[in-house]
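Encoded as structure tokens, the structure appears first; notes follow it.
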Amino acid sequence: MAASIKGVFNDELQNAILNSKILVVGAGGIGCEILKNLVMTGFKDIEIIDLDTIDVSNLNRQFLFQKQHVGKSKSAVARETALTFNPDAKITAYHDSITSSDYGLNFFKKFSLVMGALDNRAARNHVNRMCLAADIPLIESGTAGYNGQVELIKKGLSQCYECFPKPPQKTFPGCTIRNTPSEPIHCIVWSKHLFNQLFGEEDPDQDVSPDTADPEAAGDKAGEEALNSNANEKGNVERVSTRLWAHSNGYDPEKLFAKLFHDDIKYLLSMDNLWKKRTPPTPLDWKNLPDEVAGCSKDTDERLKDQQRWSIAKCALIFGKALENLKNKLEELRKKSPNDHLVWDKDDQDAMDFVAACANIRAYIFGIAQKSRFDIKSMAGNIIPAIATTNAIIAGVVILHAFRILTGNLKACKSVYLRPRPNHRNQFLVPEREVNPPNPKCYVCAPTPTAVLALDTTKMTIAELNDSVLKERLNMIAPDVMIDGLGKIIISSEEGETEENNDKILEELGVKNGSILKVDDFQQNYSLTVNIVHRDKPAVRGDVPDFLVVADEQDLKPKEEEEPKKDNQVPSTSNGQVTDIIDDDLLEIIPDDDDELMEVVDEEELPAKKRKTVSPGREVPLIKKRKTDRQVSDDGDDCCVIEDTNEVTCIPQKNSLKRVHS
């Protein structure tokens, strides 16, 4: 390979390549390209880890895999194929999660550098922390459609992956999904919830029946007659789960259609307060469904059927067929495992047809624009079409960064952005002018990591603190928590030590406004000081988050309390860096994936004198999220959100944004 041929590289780089030990985390679209590049370049000692198995949908861009590999371990097959390029390489493959305790600090310390090609934020955060703790350079990479980025993460030199908060996923209140949908995405989420209620893992939070606890319906005698008609002899209302109801009725499509799209809608209409300022929904009759689609011709090309919108009559027909097929699949599955369930998959024909049909029927009922199956698949599956050439380009930049790191030239490893069109300098690959320095207030890589946690100390339990805040929000693996000053351990990673605290309220154990918690995750070699700020729990769930984690208490202040900014003044953070300007009122996020399609500024349309930069001599491309009808990545394995939420080029002209189409 290249490093084995005298004269291809200088002696220093050649020796560094031959003697280095590389860890590749992720064997998806970018990971495959990186591994191929490594062995072709002449790297001899490589380890690769990935928990996923190969899916048919991977084959169009993950070129180390072929049809016969479907269902097999990605890392194992990637190793096997890569060795055909360079049989002299030593490649070790792990079919496992990088967050496992088997891959601790000593595991990371044995590598010269780590290359990240991951598909989710939690795993990225974990690798970020492990590389910081081991003081090993990490090359983080990701793609989304035609966009891509590569950045160096090195303790004390550059920003880490968590230096600035990523935009949170926008969620929708349950009452909006169940009672008052107003956008196509609301109907799609409802349909996915319905799939789980009928065939998947049941979750009480995904109930699709009308929500009688909706605050907007408060004081309304909503559905009293319906409730009374279902009361038993003792006067109690017997609520039957959607799955039990469907099972007791033999999954009859006509009966289920009548319940979901007629009876439940009539029930909603009885909640008068909901419709004072809204257009009320229209119940549907199974035997009298419209057979036309507004604005569409019946004479359409069969090859474009996924791009066509279905009539409601056709939706009902597809609903019935998909329902029957899914019922049969569930029955077959339960013959082998009685408690098993189906898992929704965008690539499953019946599952996708079911969600598309239900979403369009519900959209019609509420006067919402209907979508094609293709559009619904994009929104429901969080798909940004993955582009093989984007992965290849980004993987190439990763290797170039590796050369610089191995020869000690880390300061030359500037973040690089791949753009779908050239900038004013005719660049598709746009490097920053310098390595971004660490955020001194980062609660991961700062010398003394500190965070502020705002929550209701009179309502939150220890279990919620452990699961929702520390593990889910802060991505810890096995946290230990002690109240500073009292020496009282309230959460222990050792099984059985503090389980009796789980149902206790924070206040009961002495956690109140002004308390300081010392949190340690020995598995990540990560310590964090958490300052508690009491904040009353919001009355309406979904209005505001139940808790907030910020780096500075100043970030908790409402916007109206901040000093008004002068005209043309760029909003900035306390460290002088430009903050992102994002209008996310219409952002559509489905709780599947973190990755989103973005809008990118076309700098060619802007005069140079109007272009503002983060700092003298440094320019960063603006990346803004796309609103409505959002498309996101097909399988997260090779996409990441290309986001720099605190550093953007600010463009005053509103017409300067261009959509990225793939």
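Backbone N, Cα and C atoms are what each Cβ position is placed from, and that goes for glycine too.
Remember, predicted model here, so these are calculated numbers, not experimental data.
Feature annotations, reproduced from TrEMBL:
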| type | residues | note |
| --- | --- | --- |
| DOMAIN | 8-443 | domain 'THIF-type NAD/FAD binding fold' |
| BINDING | 26-31, ASP50, 58-61, LYS74, 97-98, 119-124 | ATP binding site |
| BINDING | CYS160, CYS163, CYS442, CYS445 | Zn(2+) binding site |
| ACT_SITE | CYS175 | active site, glycyl thioester intermediate |
| REGION | 201-235 | region 'Disordered' |
| DOMAIN | 320-377 | domain 'Ubiquitin-activating enzyme SCCH' |
| REGION | 554-580 | region 'Disordered' |
| COMPBIAS | 554-568 | compositional bias 'Basic and acidic residues' |
| COMPBIAS | 569-578 | compositional bias 'Polar residues' |
| REGION | 608-636 | region 'Disordered' |
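Structure coloured by features recorded in TrEMBL.
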residue : record                                     : DSSP class
GLY26   : ATP binding site                           : coil
ASP50   : ATP binding site                           : coil
ASN60   : ATP binding site                           : coil
ASN120  : ATP binding site                           : coil
CYS160  : Zn(2+) binding site                        : coil
CYS175  : active site, glycyl thioester intermediate : helix
CYS445  : Zn(2+) binding site                        : coil
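One way to see the shell of the Zn(2+) site is to take the Cβ centroid of CYS160, CYS163, CYS442, CYS445; the remaining same-chain residues with a Cβ within 8 Å of it are ASN128, LEU132, GLN159, TYR161, GLU162, PRO438, ASN439, VAL444, ALA446. Across the domain 'THIF-type NAD/FAD binding fold' (8-443), the prediction's mean pLDDT works out to 88.
GLY26 (ATP binding site) counts 32 other C-beta atoms within 10 Å of its own C-beta, drawing on all protein chains shown.
Rounded to a whole value, the Cα-Cα separation of CYS442 (Zn(2+) binding site) and CYS175 (active site, glycyl thioester intermediate) is 36 Å.
For the pair CYS163 (Zn(2+) binding site) and ASN60 (ATP binding site), the Cα-Cα distance reads 34 Å.
In this structure the C-alpha atoms belonging to CYS445 (Zn(2+) binding site) and ALA123 (ATP binding site) are separated by 17 Å.
Counting every protein chain shown, 15 other Cβ atoms lie within 10 Å of the Cβ of ASN120 (ATP binding site). All chains included, 23 other C-beta atoms sit within 10 angstroms of the C-beta of CYS160 (Zn(2+) binding site). Around the Cβ of ASP50 (ATP binding site), 28 further Cβ atoms fall within 10 Å across all displayed protein chains. Summarised by DSSP class, the composition of the domain 'Ubiquitin-activating enzyme SCCH' (320-377) is 39 helix, 0 strand, 19 coil.
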